[in-house]
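J.: To start, I am sharing the structure in question, which I have written as structure tokens.
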């Protein structure tokens, strides 16, 4: 191809190693604008050359004189030789090209500003196949590009904390294969436009920005085009700054203490701080008979401060040995960082030994009087209640009738659940029918065989074909035992398989029976899925109610992961015992993927779990994850949320804020719990929010705190966790999206990528219980702090004559 400018001729040669890229002619409108920006020439059009990533580019400028040497420019900037770029007298050669090599190239004589040639180079992962001459040979499916995964592009607004990684995707297809480039706020976006650079993964149609900052906010548009046209899609990015904060001190610590003279005293102070805190213990003193200075600040002495060999954990405890009366007074824990200071105070009261004994004696007398008085009042109250009950008690026949009426209000009807049932029973048939009651009074049903359920031929199993075995565990209203069942597999009626059998305890109530029946019916209607515990059958006739479900030999996921922690680490249960099997990173991703699939199925059946956690996921012999415990599950076919009305035990550390504070349960609140379950998986069964008391957790969640990334978790997976923990429920991903994301991660993960277990898991140790345990500050914090509260703090202290004034 030749183009003439006056008497000068330019020859452009383009060659690629391994494959010859195609050249496509662009219109004068687009190319001419770029030429005018960088070049002083009268070019009528630009020639665009398309190369594949990794190819070699060769551009040549020919002049009438063979002795003329030329300079080369890219986007108006001179090109210097490098290990990839070779410059000859008239030749420019670039090897192993990448997307960053795309741009406008020009050549000029060494002693002239006259442009001899210019070329537009675009580098893609998949170069276009064919020249304009080949258009007639293209298939009938040619046309404008199209989106291949529009469902992955529905979330247009992305709000992330600063320092996170952001990934935008625009999966597309077309014939000829389209190319993609990106705009920010309407202008072309390249790596040099951002301090941290960008990653353009053309095969995945994605733009990746690591460690985002507030200046990255804006609208990002992907433009996908081929010669038939283009399509575009815009994402909006909002980067949230992490607010710096002064330390947070746990409420109630240090606590007031009263001791006898000569005792030893410990004051505790729990500090939470994003930045490294500086902790001091102060004692309030008097100077010239006054506790406060002229400016109103208290006089204090420093009892304990950071030293060369002290740790934050040591500084959180103040020890006083063999206290005297002079030690009585006010003590303050002062914690500060680069942002500010926070403090909590407590009083120490020191009593003489005899006074404390007198107090104990007088206290014993008062306690005795109080206990006797309380006992007398309770006795009289019980006596009155018994008399009233006997006065109102009818004859035996009337009593039986009344009891039957009371319990007959209990039977459930299938019409109460709006899910479509596959059961063969009539929709109005009561699930429980009363036949007779024992003579025992009260609502306790010690002999549950006195309640009959109509048989369901599809699920009924004769008791003679069931052999009960060892207990497996106990639930809220019943127990689970292992059993051998014959006839579960209809194709092999004589084959025995191992099952788990749910049954009521001996002291079960009618409400307990209602819950078990409801769970059985729910499992019937939800149907079967590989990643949930499925119903296998039931024994409802001639005896207690038995519900047969799948048996998972490896127990729950939490214990499964903990049993496979490596030996020799301080977080391993038994350092002498080798783990049962070594887990790879892909094994952990597979666990998460399977649970997500099970939850996707439950969500499709309009079922909200409300108690999703690793302890409620069971593992089979073949390492298949199965979601269990539908006891808290509820049908929400007609409504999209469920408000809990009872005050039963709730798994607060797995609960979404809207469920925790407003008792509103949706599929999005299950997604939050799934994020916590992901954290459990990648800490090999760690306890969420280790060392954080429940009361403190409420406050921290309201302030936007989230758990930090586990040591063996990739940044992409941690981003999935953080998306699950979005404060706005509607901004969390759906389980369908989670399945797709985890499937992608699973596909890209190596099968032999073993965990880097050289990093200790101190903050995920089993010692970190879910109750009121301690937590160190600084690097041991499990929180990523977003927004934090204002707290009163002491002014910065200054030395004053050997006494610290604050």
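Cβ coordinates come from backbone N, Cα and C, glycine included.
As annotated by Swiss-Prot, topological domain 'Extracellular' applies to 20-364. According to Swiss-Prot, the N-linked glycosylation site annotation covers 83, 96, 118, 219, 256, 288, 309, 322. According to Swiss-Prot, the feature compositional bias 'Acidic residues' maps to 130-141. The domain 'Ig-like C2-type 2' annotation in Swiss-Prot covers 150-238. According to Swiss-Prot, the domain 'Protein kinase' annotation covers 466-755. Sequence annotations record features per position, and here Swiss-Prot assigns ATP binding site to 472, 473, 474, 475, 476, 477, 478, 479, 480, 502 based on sequence analysis.
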J.: Out of 96, 219, 480, the recorded positions in the record, which is closest to residue 322 (N-linked glycosylation site) when you go by Cα distance?
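T.: Ranked by Cα distance from residue 322 (N-linked glycosylation site), first place goes to 480.
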J.: Going by DSSP, give the three-state secondary structure for residue 322 (N-linked glycosylation site).
T.: coil
J.: If you count Cβ atoms within 10 Å of the Cβ of residue 118 (N-linked glycosylation site), leaving out that atom itself, what do you get?
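T.: Residue 118 (N-linked glycosylation site): 25 neighbouring Cβ atoms within 10 Å.
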J.: Provide, as an integer number of angstrom, the distance between the C-alpha atoms of residue 288 (N-linked glycosylation site) and residue 474 (ATP binding site).
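T.: Given the Cα positions, residue 288 (N-linked glycosylation site) is 67 Å from residue 474 (ATP binding site).
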J.: Between C-alpha atoms, which of these recorded positions comes nearest to residue 83 (N-linked glycosylation site): 118, 219, 472, 478?
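T.: Comparing Cα positions, the closest of these recorded positions turns out to be 118.
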J.: Translate the DSSP assignment of residue 472 (ATP binding site) into the three-state scheme.
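T.: For residue 472 (ATP binding site) - judged by DSSP and reduced to three states - the answer is strand.
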J.: Of 83, 322, the glycosylation sites given in the record, which has the fewest other CB atoms within 10 A of its CB?
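T.: Sparsest of the glycosylation sites 83, 322 by Cβ contacts within 10 Å: 83.
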J.: Whole-number Å distance between the CA of residue 219 (N-linked glycosylation site) and the CA of residue 480 (ATP binding site)?
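T.: Residue 480 (ATP binding site) has its Cα 55 Å from the Cα of residue 219 (N-linked glycosylation site).
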J.: Taking 96, 219, 256, 288 as the glycosylation sites to compare, which has the smallest set of other Cβ atoms within 10 Å?
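T.: Each of the glycosylation sites 96, 219, 256, 288 was scored; lowest Cβ tally within 10 Å is 288.
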